[in-house]
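First the structure, in the form of structure tokens, and then the observations on it.
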Amino acid sequence: MTGIWDVRITDTSLRDGSHHKRHQFIKEEVGAIVAALDAAGVPVIEVTHGDGLGGSSFNYGFSKTSEQELIKLAAQTAKEAKIAFLMLPGVGTKEDIKEAQDNGGSICRIATHCTEADVSIQHLGLARELGLETVGFLMMAHTIAPEKLAAQARIMADAGCQCVYVVDSAGALVLDGVADRVAALVAELGEDAQVGFHGHENLGLGVANSVEAVRAGAKQIDGSVRRFGAGAGNAPVEALIGVFDKIGVKTGIDFFDIADAAEDVVRPAMPAECLLDRNALIMGYSGVYSSFLKHAVRQSERYGVPAHQLLHRAGQRKLIGGQEDQLIDIALEIKREQESGQVASRR
């Protein structure tokens with residue numbers, strides 16, 4: 001930490017927001033957003049395909065512009081901010097990490113399901129060997145108990161991870177659920193690694209949960225300007241800064257500048273506002289990975305079944321990131337029920 005901030009903010013609008021934009025960012029948008037966030041004092045800006053390095057694919061959706069080109073542009077544009085990139089083992093490769101560093105990325109964020117931290121070991125090791133700052137993401141953190149999450153965090157820290165995040169991928173955690181998990185990681189990791197929190201707005205608690213995380217000891221917090229992220233979006237950075245200013249938590253980000261960036265630069269690049277609607281609420285309530293939203297809407301249109309029912313059943317099946325294709329099976333199941341006159345259950 002430096003004297004500039006008590007908590008370091010990472011803006012994920014150019015990565016998590018890629019889900020909302022169906023990975024269709026163009027260089028002009030990325031350059032303008034990076035410049036505005038950098039000028040406002042945002043210390044870390046994450047840039048990649050929504051599903052991380054190598055995510056551009058038939059399964060996840062193809063990028064309009066190469067993520068490596070966007071990382072390079074972001075690094076060339078930012079005067080002070082560091083450029084982070086996300087990587088999911090099994091989606092991206094070690095070579096992708098090296099290329100991202102060559103293009104100016106300096107923070108490598110490795111994401112795994114919350115029970116599978118062991119698959120990150122070699123990638124975290126490589127990142128440290130390359131001299132990159134390392135962050136670990138334990139996704140779908142609501143699905144396991146705090147002590148089990150802490151044990152997974154220990155695996156990442158021992159592999160060289162410098163900050164392990166409690167990642168509320170579904171926006172399903174509620175206040176104490178965040179505080180308990182962050183506190184468990186802080187107790188387990190001590191001085192070995194920092195703890196971070198990444199929230200979503202699917203139950204409308206992105207900002208409140210982030211405050212709980214900081215009070216429990218988190219030193220890094222994610223958000224997206226204008227909630228530009230998957231599902232109902234992430235905690236809006238401009239609101240986070242306003243709240244943190246009010247409670248005396250230093251971030252180094254100027255509230256008025258980030259509010260201007262959200263309104264004047266980021267919003268025009270968004271296809272629509274990220275909404276807390278029925279689909280998003282169902283994801284938070286049922287514990288569904290936030291990036292499932294656009295996939296569910298697509299299958300809803302294709303098969304003529306309600307997206308919210310698809311999402312609810314995805315939660316019942318406890319699907320995780322990477323299992324988006326199972327939404328097709330669920331859609332066909334609901335379609336058969338409709339044709340036979342069955343009424344879909346809400347429970």
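Cβ from N, Cα, C; glycine included.
Per-residue pLDDT, averaged over the domain 'Pyruvate carboxyltransferase' (7-259), rounds to 96. The feature domain 'Pyruvate carboxyltransferase' is assigned by Swiss-Prot to 7-259, with sequence analysis given as support.
In the three-state DSSP classification, Asp16 (substrate binding site) falls within coil. On its own chain, Asp16 (substrate binding site) has Glu46, Gly50, Asp222, Ser224, Phe228, Gly229, Ala230, Gly233, Asn234 as residues at least 6 apart in sequence with a Cβ closer than 8 Å to its own Cβ. Among the features that Swiss-Prot reports, substrate binding site is placed at Arg15, Asp16, Ser169, His198, Tyr289, with the record citing sequence analysis.
Taking all protein chains in view, 30 other C-beta atoms sit within 10 angstroms of the C-beta of Arg15 (substrate binding site). Under the heading site 'Transition state stabilizer', Swiss-Prot lists Arg15, citing sequence analysis as support.
Contacts of His198 (substrate binding site) defined by a Cβ separation under 8 A and a same-chain sequence distance of 6+ are given as Thr12, Phe137, Tyr165, Val166, Val167, Asp168, Ser169, Ile221, Asp222, Asn234, in order along the sequence. The Mn(2+) binding site annotation in Swiss-Prot covers Asp16, His198, His200, and the record cites sequence analysis as its basis.
When Cβ atoms from all protein chains are considered, those within 10 Å of His19 (active site, proton acceptor) total 26, not counting its own. The active site, proton acceptor annotation in Swiss-Prot covers His19, and the record cites sequence analysis as its basis.
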Shell list (Mn(2+); ref centroid = CB of Asp16, His198, His200; cutoff 8 A): Thr12, Val167, Asp168, Ser169, Gly171, Gly199, Gly206, Asp222, Ser224, Gly229, Ala230, Gly233, Asn234, Ala235, Ser290
Cβ neighbour count (within 10 Å, all chains shown) around Tyr289 (substrate binding site): 27
Alpha-carbon spacing, Arg15 (substrate binding site) to His200 (Mn(2+) binding site), which is rounded to whole Å: 14
Largest CA-to-CA spread of substrate binders Arg15, Asp16, Ser169, His198, Tyr289, angstrom: 15
C-beta crowding around His200 (Mn(2+) binding site), within 10 angstroms: 33
